[in-house]
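Everything below concerns the one structure shown next.
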Amino acid sequence: MTDTAELSLAGKNSEYPVLSGTVGPDVVDIRKLYGATGAFTYDPGFTSTASCRSALTYIDGDEGVLLHRGYPIGELAEQSSFMEVAYLLLNGELPSADELGKFETTITRHTMLHEQLATFYRGFRRDAHPMAVMCGVVGALSAFYHDSTDIHDPQQRMIASHRLIAKMPTIAAMAYKYSVGQPFLYPDNSLSYTGNFLRMTFGVPAEQYEVHPAVEKAMDRIFILHADHEQNASTSTVRLAGSSGANPFACIAAGIACLWGPAHGGANEAALNMLHEIGTPDRIPEFIARAKDKNDPFRLMGFGHRVYKNYDPRATVMQKTVREVFDALKVSDPVFETALRLEEIALNDSYFVEKKLFPNVDFYSGVILSAIGFPTSMFTALFALARTVGWVAQWNEMITDPDQKIGRPRQLYTGPTQRSYVPMSKR
Ligand code: CMC
């Protein structure tokens, strides 16, 4: 294998080192390209660009493999807990029982929000989207927790990381409570991370709330499936925001804003809305035809992925979890049958086969979340809650990376060249 790439540009040859990771494609290190040639690279959407080094998560999109610190997502989803995965992503290794216990205690101790933040919520309109509330409240945390915004202090970085992971369920549950006009519930630290979130969301102060063990398990698994996903758009946003030295709360708020879009985290909400719009399996061909029509902007939501050109391994677990939740709650939903049939039809259609479009994590998640009782508007907020673990771990990795610089892409300028100002009277 060559360890140098040669480039010939305008009659001048230059060489670039080729770097290898532990697994996955090599990368051509083009940091000296501009100095050597005066040219930039052009890669809108970063389809061929590695923006950083990372030891957190690996995806083989062709094989449908997702590893966190080397562990396959299927094994983590089956055998571990969200807190364990959070520890793994932050620290690099699976915790011992003692380490996990200490970590859970630390996270639990940070679950409460500054009381004044309850007033902050009341500034939002009642019909505000939970993601709008999440962006605002998480950004506002930096105004409340000044003692953990110094990014150069490892201790403060750690406290900020724990605070963000711990407070996110409280923030998301409060966004939900506010939208339905029910009182906020304080965290109950005798419950698990996920059990506590379910109680703060669905409990009311007037009654005892029993966490359903199967729902708690399914929810915890959904959090695991969303915990991290390499250099996706929101994670790259967090890294870019953080590269300027911005505080962690501001960076995570930026990640939440990016996640909201329907091409990213907003797809779970859009996928369930689409399944409802399709309604019954007999209407599937109509929607498949629309998805294939170049003149129609409609896309099958929950289908396709920039990296996976095979079945998203998270979708496999998600589909299985739908059945578990239905069995545990003794419910069913015709929308699930529509989803299964849609998948079957699409996977046998040459358009989807040739373009390698498979169900992604968002295709089935909405069906489960809706069975648990979440309104569609909360789906992306749940994604944000879980992804906070990945964002925080990636942000910490970036801050301690010796190669880290402020992210500052260049451009291919296509506007007018220099011209003289034209006075108003001459236009
Ligand atoms: N339905 C119909 N056609 C599709 C779809 C789809 N869902 N996704 C991609 N295509 C077509 C697209 O039209 C294009 O065709 P052509 O080459 O003829 O122009 C081709 O497949 C490649 O698509 P692309 O948009 O160039 O691919 P991308 O890597 O830029 O986009 C994506 C990836 C996820 C944004 C896209 O597949 C999509 O919009 N999917 C629906 C939204 C969705 O489910 N997003 C969740 C992603 S997973 C969760 C997460 O990580 O946030």
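Backbone N, Cα and C atoms are what each Cβ position is placed from, and that goes for glycine too.
Annotated features in TrEMBL:
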ACT_SITE  H305  active site
ACT_SITE  D362  active site
TRANSMEM  363-386  transmembrane segment
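Below 8 angstroms of C-beta separation, residues 82, 129-131, 134, 168-169, 172, 175-176, 179, 197, 201-202, 215, 218-219, 222-227, 255-256, 259-260, 265-266, 268-269, 271-273, 275, 301-303, 315, 318-319, 321-322, 325-326, 329, 331, 333, 335-336, 339, 343 of the same chain, each at least six residues beyond the ends of the transmembrane segment (363-386), sit close to that stretch. Every protein chain considered, the tally of other Cβ atoms within 10 Å of the Cβ of D362 (active site) stands at 29. Sequence-distant contacts of H305 (active site), defined as residues of its own chain at least six apart whose C-beta falls under 8 angstroms from its C-beta, comprise G61, D312, F358, N360. Secondary structure from DSSP puts D362 (active site) in a helix.
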